[in-house]
Amino acid sequence: MAWHPLLLLPFLLAAGNTAPIFNMTIVYVGEDLQIGEFAFQLKAYDIDRDTITYSISGSDSFYFDVDAQTGVVTLKNLLDRESQARLTITVTVSDGINEPVSRRLTIIVEDRNDNAPVFRNLPYETSVLENTTVGSIIYTVSANDPDTGPAARISYSIQEVIPDTTKNHRLFYILPTGSVVLNSSLDYTTNTFFQLKILAQDGGGLLRNETVIQNSTNYLSIAVIDVPNLNPRFLNEPYSSSVPEDCPVGTTVLTVTAVDGDTGVNDKISYSFTNASIPFAINDTTGTITVSQVLDREQPLSEEVLLVVTARESNPDIYGNVAQASTQVTVSVTDVNDNKPQFYQCLLSNCNFSHTQSNFTGSIIEHSSSKVPVSNLSIVARDPDKGINGTFELYLQGTSASAFTVSPTRIVGTEDVQILVQDPLAVDYEITHVMVVQLIANDTRNPTDCCSTATVTIDIIDTNDHIPEFPQSTYNLRVMENSPDGTIIATNITAYDPDSGAGGQITYHLLPESIQEIFMVNATSGAVLVRNGSLLDRELRSVYYANLQAKDGGNMTGTTLLEITVLDENDNEPIIIGSYFISVEEGQNVSTQIRAIDNDEEGTLNSELGFKIVPGLYSNNFTINQTTGEMHSIEPLDREAVDDEEGQLVVTVEVYDHGVPQLSTMVNVTITVADVNDNTPVFLQQSYEFSIFESSDGSFVGDVMATDADRTEINSRISFQLERSTGSSNFLISSSRLGPGNYSGRLSLDPNVPVNYDTMQEKLFSLVVLAENTAADDAGNIANVSVLVNILDVNDEPPTILPSSLEGVSVRENGTQQDLVHTVFASDLDTNHSLVFEELSVACYKGGSSAGEVCWDWFVLLPNGSVLANSFDIDYELCDVVQLTMRVEDLYTQKGNQYSQNETLQIRIIDINDNAPVFLPVSGTFGEQKGLGYSILVVPEISPVDLQVATVKATDADSGPEGTVFFNIISVVLVQEDGVTRPFENLFKVVTSADQDSYIGSIQVASNLDSSLKGQYQVTVEARDSAAPQQATQTTLIIFTVDQSYRIHLQFVTTVDEVQSNLESIRVALTSATKAGVYVAAIRSYEDSRATQVKPKSVMEVYFVYSNGTALDVNQLSLFIHSDPLVLANLMNLGLAVIGPAEVTEPSKEKQMIGVIAGLAAFLVLFILIAILALVLTIRSYKRKLSAMKALKVATTLSPAVVQGAGIPGTNKYNAERANPMLNLSLDPSHDLGFHEETSSLASVNSLDENKVDSPKEDNFKAKRGSPHPTDSTEDEALAAALNMKEPPKMAYINSAFNTTDL
């Protein structure tokens, strides 16, 4: 049979070996990796299962160490993403056989939160005007964080405010942008400087597998600049001072001091007086007040002068007004003793002290008793100085001074002065008719101008012994009551005294003395006059009786009776009889009569009375009879017309007489009008309009006011309620009394009914409020008013990111599109809002799968929703979709959630043609690509046109037209077996087709191949993309022309489907046995009808090709498979039954016989050769064993003491004790071992070819010295076993030292 030669001609075919494959292109390493820690592992694979070693190189390999055996890479030097985010090393892998394979490996250093925010542009110092508007940004701090993602998002907060007060903590706040905002008004007078401790904190991130938040602080110093917004202020108020009245002009009174209220401005101050005509002046610069005119406290100027001083700043304040302030200065002018006492002739009660008098005249009856004052003297002494300065003494001087004394002797200020008789005997008419004294007023504390002197001439009245006589004993006199003082009642009532001289000089007096209070008499003429007319009241006394005394110089008296009748004068007002208090219900008339009397003389016009109503608030409502005093109301009274709370109205009636002058008396008629509920409530406004914030449940809306003109509480009580209407159920109203008849309806939101501005179609409620008089009997006694309630928006709705602004965002890769790429918009239903966008996270995707953190720093979301491209490293091939998760914060949120729902902005990265096509490994029927630029393929020698002989596969990382790949054959070169190259054209063609994310180029035969040509075709295939600028990559396919005789048929007892399902396992087993490329040409059903012991069901047609173009035939394959029992067993389990050639032909009978004979002959020859060879080898082995046994027996007889000698003959080993390595016995090298020297093996008597030696046994050991060929049964068995090809009995020791070189 055809496979018989497999037993006769086995040979070994060396298999080819391929280089390792290393496909890693990018790895990620965290920057917080510590030295010595695991970074990543390099992984390459070798289809030959060769041991792979790894090494790295390049400048960035400085950071890493690699284990050459395992590929584990550890950190050698610390990483810092912020310094270098991407490293590139060259990885070299080697299997020790092929050329090392080197690839560039990109290492992306992943960010870790290892950096705290760093403040920029330090130090932070600023100045702020005191009147800066609340809400203004006063400074913006800025910090950056070189980290990425949330760890680079910085938030700011104010940690501390110096000075540390509660108010100051609310004075500032900081925005997410770092802008510090003024939250309330500044006051330079309170604080001139602030220091804010600002915390910058990142969003947190991983650091050594823990979430860490980094922060840093810095201080912002704020100096407050004062502005002129305050008026000046006076220091050391209140101001008061005193100056003596005799101070010279220019004397400084005091200095007022004002300073600018704005201490930081300190404007110039000028001073002035507000009041005029004052004897003081003020320095407009210094504020010093001085005396500008001579002062005199005794002049009409007040002792205490109140000055109003105004301080003005030279510049207007920030509002354009004059900055000024006023203060009062009280200046007391103190008294100086600069006036001497003076005398005045007047009565103290009506003295005007306008003229001084130095001469006075009085009289006294001679011998008048002691202490009797001198008559007819009106002396007033006065010193205008004050207090002790106005105190002076009085005394008399002159020759007559001893006869009199002065009273008082000491006066403070002003007082009447009398001269009194001190020595009655000295007052003697017969001695002198006239006495003169000097009246001295002495101010003892004013030595320079102390005294005033007045001459008092006192006439002495003589007495005699004749009684004067009147012509009538009675005189009837009349005087009008209330006559003025000095009215002459009787011009001349004289008496006759016959005495002469002084005795005949008559003086008249009225007696009794009590009458002198009312009347007086001219002492000389006897004329009777009215002394005090105010005491003349006819209604009290109509007749007076007095004695008129006529006295001569001798004190002789005569009297006459004076009957003085007081005549009536209209000097009495009418007197009202009774009081007038009337109570009446409103709506009724009033009638009453005013009664009065007049005490003047009856029957005269003085006592005749008349009545009239005095014009007043209610005078027009009444009328009165002028004669009788009957008063009536003109119309029924109205309580509501009465202003008085108690309902009282007062009408004043004047009762008058008809005398001259006419006198009258007023009387009040008080009428209390009882209230009747006759008025309807009235609202104070025709309508009301209020505004209220939404969600102010239970909050006060506004007050409606209504009044009821009824004047009693019960009649004017008002109750408010809401008329049922749309929205009225949202409100409550309560009544409260503000005052009499004045009520308020307090309108508020119902706390149980929420009001939502955003859901209201109309943002107002139109209500009707009813005001009802609760005491009214009539149910219709109700007023109404319309109330419009505007609902104001409260910032209580969360913001919303507009979905439309999240759509259709795309950015071209490689930084071709910078700065603003998109704007996201948000809305808020609230009318007042401030929206700030915040980036929450970034997700990177490539082809729908996560791409890690590669895109985290590509885009930046600004607070205003602007999305900026932030990187030139935007790479479509790393990431084609970036998802920014964001939210919006409403900074003005007053209530509820300030954040929107999280939304995702999907940014599609637009590919540009920046990548060349890349060839991919391809497994095919006739070949497999083994790299990016070199391929091994098998093509049948007989190839029809359009037959696919190989495939190439390529992909382009770009997308769309940029990633569409087309294949072209650039060149075809045949390299013949003798090394000669020969180019071809149009020998092969390529057809391009798409396969998911890659493209396949089918290499097909374009024209018939020349089967006579042997060698390999080097086909250069180019993969080129479609968009400009076009990118291209080439690879070379090695197409071997393998003869179809190498197609091997493997017959399986399993079906085609089962073989298909086990194809990979079959391929692995065949590759493991042959180390060749296994290429399956076809799998089909078995169709041979010949009878066999094993019935195959399917056939697999296979080529076994090596990288050098050689292929296995069926014999070589069988040898490989049979040499590996495990593979053979595995293939049999998979159904392999028969290994056959590509084509099996049925031999003829003759050929079969010839084959049998030739086989038998060959077998016979082979058997003879083997037998001869076995016999020769057996004989030689037998002889060696005999020689060895002889040496053994000699060795057993040697003395152990012998240790000298050469190495053991016949061995290649030495023993340390120079003993036989088999028995470990010492040998005597001089002893003849008796080796036979005549055999054909003499040339190698010193060599042992076997390492198996029979064990010596003492019982069977026979030493026959005379026999050169000692034999025993053991040796015979060994020889027989060799001849019979069987093993001898296992009675041997195995010594590894007997591996001889001669065998």
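Heads up, the Cβ atoms here are built off N, Cα and C, so glycines get one too.
Any TrEMBL annotation is an automated prediction that lacks curation.
The annotation compositional bias 'Basic and acidic residues' is assigned in TrEMBL to 1249-1262. Annotated domain 'Cadherin' per TrEMBL: 29-119, 120-234, 235-343, 356-470, 471-576, 576-683, 684-801, 803-919, 939-1052, in sequence order. Taken from TrEMBL, the feature region 'Disordered' covers 1244-1277. Annotation comment: TrEMBL describes 1-18 as signal peptide. Among the features that TrEMBL reports, transmembrane segment is placed at 1153-1179.
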Mean predicted confidence [pLDDT] for the domain 'Cadherin' (939-1052): 83
Within the domain 'Cadherin' (471-576), residues counted as helix, strand or coil by DSSP: 12 helix, 44 strand, 50 coil
Helix, strand and coil residues within the domain 'Cadherin' (356-470) as assigned by DSSP: 10 helix, 56 strand, 49 coil
Contact between the domain 'Cadherin' (356-470) and the domain 'Cadherin' (235-343) (3 or more Cβ pairs under 8 Å, separation 6+): yes
Residue distribution over DSSP helix, strand and coil in the domain 'Cadherin' (939-1052): 7 helix, 69 strand, 38 coil
